[in-house]
């Protein structure tokens with residue numbers, strides 16, 4: 001039987017229509033060279049900057065350089081698994097990480113994979129790591145406080161929700177200790193049912209020792225703070241690419257809380273090592289070096305990260321993301337490249353000094369050059385009532401103390417002012433991992449500023465404070481409750497407090 005051409009065409013059309021096969025176009029390139037965590041790839045003509053590519057071994061890469069005839073990608077994992085000649089395929093995706101409450105209590109790597117041995121994370125939502133910072137209209141001014149539990153900070157350098165406050169100082173001056181204390185201090189708010197009081201915490205370890213990260217996680221677990229904390233770890237032994245993306249990944253996790261009307265606090269520990277990792281990547285990508293061999297866009301590296309911290313407007317849910325970046329200085333040099341960059345991006349800095357630390361003033365906050373540019377608007381009225389004069393009194397004390405070294409003859413008024421200053425410094429000292437509720441801080445500062453400590457020997461100020469707070473917790477709870485609920489010291493509360501303190505000072509001074 002002879003078929004006509006038109007019949008042949010119809011049969012072929014039917015057969016083709018019955019074939020249920022979708023052809024998938026894959027763009028595949030080839031690795032030209034690989035080394036130091038960088039792969040040079042030929043053949044991916046349409047790949048975009050910031051796109052994820054997949055190597056033959058399953059390891060992922062992030063495209064950072066687009067050149068005339070090739071592209072360069074940083075390998076996010078073990079570069080020994082990538083060899084010259086391997087095929088590389090486009091994923092047509094940008095880098096995403098899991099977000100949500102399922103991550104709370106977990107330790108994850110820079111890509112959001114769990115590394116704590118507690119099984120998979122059941123997260124339903126993913127977010128891009130390089131999200132755009134909120135615009136001006138979407139934001140509102142900082143108005144609610146973040147209580148760190150540290151007297152020297154909550155009274156003199158207050159931090160507000162949505163603020164970016166830099167913690168800067170030499171190594172071993174207690175920068176991480178302030179950050180960890182702030183996380184532990186949020187436990188009190190998490191014991192309440194009101195969601196608007198709670199602050200979820202994210203701690204990002206960049207280029208730290210594994211032992212240090214394990215120690216911090218252990219401390220947070222012991223304090224019961226891991227229940228509301230995510231730890232993102234990109235340790236010194238991991239690829240520079242993972243250290244580079246870790247803060248952005250963690251920031252996306254924090255933005256989930258911010259954009260859903262909740263409050264989050266993110267700690268970047270530390271951005272000096274982050275800049276070093278980015279410098280390493282940039283130099284290996286043959287980008288031109290600038291000052292201190294950092295690339296020209298190192299300012300943008302940190303500004304695009306820190307601008308994502310914000311207090312959102314009412315229309316956007318009233319959420320907030322507060323950032324505490326940490327910078328390590330060399331021999332107290334705050335005028336180096338990275339410290340000055342981050343100081344200019346943030347809304348203030350807490351400067352920790354080695355000299356004060358070795359003198360036993362801990363936390364070693366230099367009150368003179370530490371500043372909070374927006375936090376005072378968030379400070380509660382009760383704290384303003386007692387802390388208003390502290391900064392000035394401490395500045396006058398430092399000046400008088402430096403002059404008193406030159407001569408021994410001091411008039412009684414100057415001597416009294418120096419003695420008062422020494423007691424103020426003493427009352428601002430605080431043990432590590434012992435954050436105080438704000439109402440107890442207010443009472444301690446009230447005692448210091450109203451000169452109740454003048455008759456207490458200097459070496460016994462800490463003992464006096466501990467005994468006084470214990471007595472108030474046991475027998476004068478109404479004073480604490482009044483300050484906590486009213487958020488100010490009412491006349492009635494002040495009268496009660498004065499009567500209690502006068503009796504307590506008399507009783508303490510006659511103690512053996």
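In case you wondered, yes, glycine gets a Cβ from its N, Cα and C as well.
What Swiss-Prot says about this protein:
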BINDING   169, 170, 171, 172, 173, 174, 175, 176  ATP binding site
SITE      370  site 'Required for activity'
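Considering other CB atoms within 10 Å as the measure, the emptiest surroundings among the recorded positions 173, 370 are those of 370. DSSP assigns residue 173 (ATP binding site) to coil, not to a helix or a strand. On its own chain, residue 176 (ATP binding site) has 212, 216, 269, 326 as residues at least 6 apart in sequence with a Cβ closer than 8 Å to its own Cβ. The Cβ of 174 has fewer other Cβ atoms within 10 Å than any other of the binding-site residues 169, 174. Of all the Cβ atoms in the protein chains shown, 11 others lie within 10 Å of the Cβ of residue 171 (ATP binding site).
Here the CA atom of residue 370 (site 'Required for activity') lies 15 Å from the CA atom of residue 173 (ATP binding site). For the pair formed by residue 370 (site 'Required for activity') and residue 174 (ATP binding site), distance between Cα atoms is given as 15 Å, rounded to the nearest Å. For the binding-site residues 170, 175, the ranking by surrounding Cβ atoms (within 10 Å, all protein chains) places 175 first. Summary of the ATP site environment: with the site residues 169, 170, 171, 172, 173, 174, 175, 176 set aside, the chain residues having Cβ atoms within 8 Å of the Cβ mean position are 328, 352, 354, 357, 364. Cβ contacts within 10 Å of residue 172 (ATP binding site), excluding its own Cβ and spanning all protein chains shown: 12.
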